[in-house]
């Protein structure tokens, strides 16, 4: 009986985390912007992009630039 309560409690916690929208699903198929930038050959920089590179997107939830 305790096992069923423990499983129900765990399920409720899991669903409440998913409903809050705190990027819980990032590891379940959605790729972060940092991963996509590096995978496409770019660099994530907080400062301006170096000469001869262009901004291709953002990194770290829009806090940095993806330079390529």
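Backbone N, Cα and C atoms are what each Cβ position is placed from, and that goes for glycine too.
The signal peptide annotation in Swiss-Prot covers 1-21, and the record cites sequence analysis as its basis.
Look at Swiss-Prot and you will find 37-66 (among others) tagged as disulfide bond, backed by similarity to another entry. Listed in sequence order, the residues of the same chain lying 6 or more apart from residue 37 (disulfide bond) and placing their CB within less than 8 Å of its CB are 43, 44, 56, 57, 59, 66, 68.
Around the Cβ of residue 59 (disulfide bond), a 10 Å sphere holds 23 further Cβ atoms from the protein chains shown. Marked as disulfide bond by Swiss-Prot: 44-59 (among others).
The disulfide bond annotation in Swiss-Prot covers 49-67 (among others) and rests on similarity to another entry. Shown in sequence order, 42, 43, 44, 45, 49, 50, 53, 54, 55, 56 are the residues of the chain, 6+ apart in sequence, with a C-beta less than 8 angstroms from the C-beta of residue 67 (disulfide bond). DSSP assigns residue 67 (disulfide bond) to a strand segment in the three-state reduction.
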Practice prompt. Please report the DSSP secondary structure of residue 49 (disulfide bond), reduced to three states.
Written response: coil
